[in-house]
Structure formats: structure tokens, C-alpha cells
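> Dropping a structure here in C-alpha cells format, bear with me for questions.
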Amino acid sequence: MPKLRSATTTHGRNMAGARALWRATGMTDEDFGKPIIAVVNSFTQFVPGHVHLKDLGQLVAREIEAAGGVAKEFNTIAVDDGIAMGHGGMLYSLPSRELIADSVEYMVNAHCADAMVCISNCDKITPGMLMAALRINIPVIFVSGGPMEAGKTKLSDQIIKLDLVDAMIQGADPKVSDAQSEQVERSACPTCGSCSGMFTANSMNCLTEALGLSQPGNGSMLATHADREQLFKLAGQRIVTLAKRYYQQDDESALPRNIATKAAFENAMALDIAMGGSTNTVLHLLAAAQEAGVDFTMADIDRMSRKVPQLCKVAPSTQKYHMEDVHRAGGVVAILGQLEKAGLVHGDTRTVLGGSLAELLNEYDVSRQPSQEVVDFYRAGPAGIRTTKAFSQDCRWPELDVDRAEGCIRSLEHAYSLEGGLAVLSGNLALDGAIVKTAGVDDEHLCFRGPARVFESQDTAVAGILDGTVKAGEVVVIRYEGPKGGPGMQEMLYPTTYLKSMGLGKQCALITDGRFSGGTSGLSIGHVSPEAASGGTIGLVADGDIININIPARSMVLEVADSVLAARRVAVEARGWKPLDRQRQVSFALRAYAMLATSADKGAVRDRSKLEE
């Protein structure tokens, strides 16, 4: 029978000092011997996805204590990628994932916590906490802050839905008036919550459901809706049950590594492909798998991308649907239900609810025979009222969207595409692979061949797009923006947004060893590995070189003779794999991150071989 980790600090005469300090936090004699549950919050006033989390940690804590546990809350940092984007702040976004993972490990292990509830929401916070949870391997439940309501405004006598990306595109389009741009800006982000489309934050919160580590509705129930409060309360109750199963019943199935197995990672990837999730999820799943000791690689993703269909299309791939519409159609469970019918997910994986995924689908899939309680849960909808408060409204859709032929979530027979929303490309330009979000690429652009226009940084690329240097038909190459070369692997949302603003969104392709926001659409290929700073071929591309992209064939080829590339490699190695004339201040903290960073095909995690020397 495993001993409570916290007993190290609460039992024995030699721990009198530790107990004295625990008493100073409010613990009593009756609390020593109960499981100590870390409530890992991420409240901050900097981030709309986290601005409403301040009191939610204590909401969970009260439920933990009522169920027989002891709750202790602490906070992690949280970076808003949208606010950090387009300037030096974006260098810190991906590295913050590692800091979050480490800070959770430090706090939980230093104080010998027995289990965790992770309250996350936005881009790097969920992945960072996920990495920590799988690293530490104690009982855990994830509960996110929930998605923002979609913005709405009236343009050209038509009410349209909006999000952050619309505000960026309108703001950069010289043909859009100041008044219209301001109108969109003021309407795009109306409430607290993670940005309203299938961007990175919402994608990751959906994937925790497929991994079995969060409850139904975690990824899709709006931040503002009263029904979301129940997810937080149940998380507090269920984590105590999980802790007791492990520590009192020696039930190792309650541990996250026995829930998030190889099969569960395949379920998560199948979901990601089917819903057209952010390419960043690939990076984070690879990183989490390494922490879990699961052999899940780019080869697995490539294999799955060829057989899993795209069943859902959500902003930024379409303006018609946002996360509130995904929830109305049954959320993650409904997508997984369609995949199960097609034999594309493993129904025998376990979840934090205690049963199998198949059992969960039978209870919560709105396409089956759900209870009225489940129906009402998925009818929860937006109120259209600007607010920063959680659980502040209880509006409901008049009916569910269960149209699997033309609705938000499709059946296999009516799939948007029989091949899914993400694809792995390879070739001499990306020997270890690259990722493209095919859900955001029009069919006529799946093949593209053109001359390279090379930039040594995102900043020079943005300038080149806006000043007309970039021409229709070119392949924009942005290099030295990978995990090591950036450092920090910046998101390239501004270059892709400005290509659209300049009328080049469907006239150019973009290739980078950096990454893309979940808000990116169009022929945007990221995560090129090896990155330029690690000697990747992308560091050898010259202006005018022909690049041939063929997504159906999963290939990306630089049409330059091997002898020419070999000569270029000698020249670059002589000067070092560094950008030419890049004006960028890189802090000591970022340099330290870069020293251990691996390329994207490894999840941009630390190079463990360097730590084991």
C-alpha cells in the first residue's frame, strides 16, 4: 500500500517543525493523515483566459475539504500569446511552458503533495501543467477556465462572429477604415475565457478530455456559463476519490501515467486531427509523451493523419463556428463518439471519472441516448454580455446541433475531408518533419511550387510583406526562429495575418522553423526540423530557390542540387548557424533555455542527453 507522500512532513517527532508550519497555514491535528491536494491555479490579470480564475481555486478547495482532503493552493505564471505577439515578448511564450512545468514540480515535490487539481486555460499553461503532472505521476484532474464567447458585430448589414484574428486582420488591412477596424477590435473579445476559436488553448483543453485527465465539457463549456461551476466542484470531489483509490486501495489506475497511456495519446491525436486543432498541439503532445515515458513520435502522427478524417471545422478555418457551437453539437465527446463508430479511437482507455472511454461516450455522447441532464449541459450557450466574471449567465440554446450531415460536427460519411486537419510533411527541407494545418488550407492550394523569399527573422519578414518585397507566387521562408535559434520558437501569426491583409493569403506559402498560432490558416508550414540553428536544410535556402510543396504526397522539397547544398553547408558551418544581421536582444534567461532546447520534432523539450553527460 503506497504511503501518503505528505506523511514525510506530517508524521514523526523529527517533523515537529514542519507540522508547526503546517499548523500556521490552518491545519489541525485532524488534518494530519488526510491527503494534501495541491490546487494549482494560474490566475492573472494579464490574461483574459485567466482573469476570472482568482476565486475558483478556493471553490475547488472547499469541495476537496468537504470530501475529506486538505487543499493547498498556489499559482503559476501565465503568458498571453496574443498580447506577447508581434514583439520581443513572444520569445518568452514557449520557454514559459518549461518554467510552468518546473514550478509545479518544485512546489508539489518540495511540499510532498499527494495529488493535484490543475486549473489552467491558455496556450502554454495547460501543456506546462500536463508535463508536470505526467512527470510527477500523482493523481490529477485538469479543469480549465473555459472558452471565451465569440464576438459579434454588424458589418454590411450582416451579423458576423468575430475573434482575435479578425481584429488583427482588419487592423492590418489598409483598405479597412479606422472606424470599421475599431468596431471589430471592440467586438472581437467580449468576455473572459480562452480565445473563442479552435486555437491552441481550446485545442489543448479538448485534448485533456481525450487523454482521460479532465471531465466532459472541459474543452468546450463557456467560461461565462453557470454550468461550468459544476466542473470545478466535481473536480474537487473527484480528486479526493482518486487519491483514496491510490493511497488507500493501492489502485495504480488512478495515476496519470496509467490513464494517459500510448493508446490515450493516440486518442488525443485522433481528436486533434478530426477537429482541425492547432499545430501547437503536436509540439505539446510530443513533449507530454516524453514526460509520461510514452513512445509517441512524429511517425505516429504521420500514420494517424493519413487515416483520421476531419469531422469538425471551427474558427479560424471558418467564421461560421466557434467553441460555443462545438459545445452545442456535443463537444469533444461527440467528436470522439463519431471516431469510435469508425474504429479510430481506443475505447478501453481509462478516465478520471473511473470508467473507460467507451463507458463515458455511452453516457455523454448526445448522438446516442443521453439523459436530459446531459442534453441540458450541452445546450449551455452564450449570453452576448461583456463580462470578466465566471459563471455569470445561464443562457441555453433552444436545441442541440445533432446534424451530423451539415452541422458543426460531422459523421464519417459527411466528413469535411477523409484525411484529417493536420499533416506531417518531409523531404530534404525537413528531414525530421514539419507540420501543416490542412484544415485551414483550401483544396486548390494543397500543392504549391514557387521561388523562395528568405528572411532571417519574423521582424524582417513582416517588414518585407508590408513594404511589397514579397510577391504573389513566392514561398516565404522565415528561419532562425526555432526553439534554439529564436530562441523560443515564436508564433508567426503576424506574417500570416499580414499576408492576408495584403491580399497574398492565397497567393503565397510560408515555411518556418518557428511555429504558428492556433489562429493561423492558409498554407503555413511550421516546426521545420531540424531547425536552422541546429544545422537544418532550411538554413541553406537562398532567395529564388524553388520549393515544391505537395501536401497530398506529404512532401516538401528544395529543388537544389545536393552538391550546391553541400557547398552552402560548408560556408554556413564556417561562420556558424546564426542569422545574418539580426537585431535582437536575447536575455540571459533565454540563452539558458536555448542551450538545452531541441527541435520541434522532439516537442522542443530539453535535450536530456546534455543533462546526463
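Cβ from N, Cα, C; glycine included.
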> Taking Swiss-Prot at its word that ASP123, LYS124, GLU491 bind Mg(2+), choose the one of ASP80, ASP81, ASP166 listed for that site.
ASP81
> Please report the number of other Cβ atoms within 10 Å of the Cβ of LYS124 (Mg(2+) binding site).
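For LYS124 (Mg(2+) binding site), the 10 Å Cβ neighbour count is 29.
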> Which residues, same chain and not among ASP81, ASP123, LYS124, GLU491, have a CB within 8 angstroms of the centroid of the CB atoms at the recorded Mg(2+) site?
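Going along the sequence, the neighbours come out as VAL79, ALA84, MET90, SER93, LEU94, CYS122, THR200, ALA201, ASN280, SER517.
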> Checking your reading of the structure: which of the recorded positions LYS124, GLU491, SER517 lie inside a 10 Å Cα sphere centred on CYS195 ([2Fe-2S] cluster binding site)?
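So far as Cα distances go, none of the recorded positions lies within 10 Å of CYS195 ([2Fe-2S] cluster binding site).
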> Looking at the binding-site residues CYS122, CYS195, which one has the fewest other Cβ atoms within 10 Å of its own Cβ?
CYS122
> Count the Cβ atoms, other than its own, that fall within 10 Å of the Cβ of ASP123 (Mg(2+) binding site), considering every protein chain shown.
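ASP123 (Mg(2+) binding site): 34 neighbouring Cβ atoms within 10 Å.
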> For GLU491 (Mg(2+) binding site), list the number of other Cβ atoms lying within 10 Å of its Cβ atom.
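Neighbour count, Cβ to Cβ under the 10 Å cut-off: 32.
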> Among all the protein chains here, how many other CB atoms are within 10 A of the CB of SER517 (active site, proton acceptor)?
30
> Measuring C-alpha to C-alpha, could you say which of the binding-site residues ASP81, CYS122, ASP123, LYS124 are within 10 Å of SER517 (active site, proton acceptor)?
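Those close enough are ASP81, ASP123.
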> Suppose we draw a 10 Å sphere around the Cβ of ASP81 (Mg(2+) binding site). How many other Cβ atoms does it contain, all chains included?
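Result for ASP81 (Mg(2+) binding site): 29 other Cβ atoms within 10 Å.
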